[in-house]
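Trainee: Sharing a structure here in structure tokens format.
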């Protein structure tokens, strides 16, 4: 697929942006010995003429003593477009952080210090997952930071690691086994090189949280752990960083200089007192001794655009959309022509341009939502992190929608682990949907809905939600399932009579993300209270420790209880009603590709934001669905994704997909794309699979998996005469 905006982890784009800016900064800064009287003198005169930013700028000095970066086999240093690791993964960029696990892992440098003497007897001083620092050719150990420009080449992995460090600190004990790969590779002598140590990070932000520049002080030796990274030699680097941040700010906005600057280190503050005024910038009288941002401070979303062909960021080149479709961004005529003439023709922009132009016409339709915040969240410059933080949505399931990490002292919520659900539930299925303020979900209405809902407006009105509530972002998953059951299946498969079924078995395929939000599906029983539901989450991205788990959520008075699944399947199959005529919700987990799943045939299959062309297992799972021939509905985050899914379905099975239609229960949050301007929304469009007719379909026009020759075939003439005689004989008897 050419465009992966709706499928790629935002954090990877964020890391690629940081590294792209950092790589440009290192290239323009030159070697560390470059005198300030050189190129930076020329830059000073340019900066003095820049317009002034009224916001306060902050230079943060952030040491790191505990986390190291271990590069796996094949992780060779070298710059490349975006994340350097993408070069190791072929032409397709990585879509998830776990895609980098063979190349990058985290190691605890503190553990290495504490256990060094004990491990020395057994492993000659080597910790599990890391090797002893090797000396250079002359017998000298690698210098700590003098070789920083050379050491900067592996920075893409370092960048990801630095940003993940806080999450690693808070959830180390909760990581699955495959996340602790370095410990498993104990005894492999040539597994990986010495861990990189990012000793210090210099970060320039404004008072609103926009990141403007970054510098990494890295050394490859573990021996420096525990030592305070000295700031006596940081002044030239910090000054160069400030100059580059003003001339080429990483965040949004044109080049500018701050009205005032404050520094987070006392010694560095003194060193910069004579340098910063040369830029026409006022330095605060005293350093920022503690972290003291404004109450609403949060790092703003960074979504710098990139050229679709060369992947250069907007701070490197000027980007303009294609003049015909306005959908794809290019840095100039050369990249536009290269994309226009690509071979084969069906991947060229010449082929896709009119189609992308039609997709762009959906911008207004997809942004037509009833919420009070619609204009903000559907904007191309939507700052999602600031939106969530301003509403106190920084814990529970909300953390999975953004890159915000809970700070020290904040409650930790495990992700995607059914074993933790019992302690998290506490009788309230909406606990993980709450923010820091008042309850977001009102009590369940006493009466079930009397009509079917086909829009967020109707659902919010019945549920007692204000149109200012952002709950639609999480409830898009259960409401999409509800819409498929109540509207789309009756329209496309009326013979199933699904609305009259008392129990439904639904398979949710490739459901790694949806399983991490499993409690939102309780809303299905609120909307369909008289239907017994079984949701089976299937996919190899599910936690391996959750495989074959089975539990039931059941209403007990005003609360909801969670029970293991032993003996529950009988209740589901029998259709026994719970108290008040309500039924329970069963959850099953199968951590495997769908084509390897064994079990009863489902009533319905659903997949969210599937991206058939991005994962090879779909080439096996789609034929499996073809053989089952059950209604299978899928959502996509863009109309482009629907077209690619149709092509993949044709290749895998010879079938196709229905025409996609906008999902009225799509997420209101627009997904910002890096190399294009197309509208991307989670669950934006819905389609269903159109299966290839069975092999016997050409012989008989009547559909059906197994033909019955005796019934429709022309019977022998004598038999027809006998039936006629019988009918004639019966006629007079009836009249008498």
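Each Cβ is built from the backbone N, Cα and C atoms, and glycine gets one as well.
Swiss-Prot feature annotations, pasted as is:
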- 70-94: region 'Disordered' (REGION)
- 109-192: region 'Disordered' (REGION)
- 110-123: compositional bias 'Acidic residues' (COMPBIAS)
- 124-135: compositional bias 'Basic and acidic residues' (COMPBIAS)
- 165-185: compositional bias 'Basic and acidic residues' (COMPBIAS)
- 307-353: zinc finger (ZN_FING)
- 307, 310, 331, 335: Zn(2+) 1 binding site (BINDING)
- 322, 325, 349, 353: Zn(2+) 2 binding site (BINDING)
- 556-583: region 'Disordered' (REGION)
- 696-736: region 'Disordered' (REGION)
- 704-718: compositional bias 'Pro residues' (COMPBIAS)
- 719-736: compositional bias 'Basic residues' (COMPBIAS)
Trainee: Using Cβ atoms only, which residues of the same chain lie under 8 Å from residue 353 (Zn(2+) 2 binding site) while being at least 6 residues apart in sequence?
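Mentor: Same-chain residues close to residue 353 (Zn(2+) 2 binding site) (Cβ under 8 Å, separated by 6 or more) are 322, 324, 325, 340.
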Trainee: Indicate whether residue 322 (Zn(2+) 2 binding site) is helix, strand or coil by DSSP.
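Mentor: SS state of residue 322 (Zn(2+) 2 binding site) = coil.
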Trainee: Would you mind listing, in sequence order, the residues at least six apart from residue 335 (Zn(2+) 1 binding site) in the same chain with a Cβ closer than 8 Å to its Cβ?
Mentor: 307, 308, 309, 310
Trainee: If you count other CB atoms within 10 A of each CB, which of 307, 310, 322, 325, 331 wins among these binding-site residues?
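Mentor: Answer returned by the neighbour count: 307.
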Trainee: How big is the Cα-to-Cα gap, in Å, between residue 331 (Zn(2+) 1 binding site) and residue 349 (Zn(2+) 2 binding site)?
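Mentor: For residue 331 (Zn(2+) 1 binding site) versus residue 349 (Zn(2+) 2 binding site), the Cα atoms are 15 Å apart.
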Trainee: Could you tell me the mean pLDDT over the zinc finger (307-353), as a whole number?
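Mentor: The answer is 94, the mean pLDDT of the model over that range.
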Trainee: If you count Cβ atoms within 10 Å of the Cβ of residue 349 (Zn(2+) 2 binding site), leaving out that atom itself, what do you get?
Mentor: 23
Trainee: So how many of the residues in the zinc finger (307-353) end up helix, strand or coil by DSSP?
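Mentor: Helix (H, G, I), strand (E, B), coil: 16 helix, 6 strand, 25 coil.
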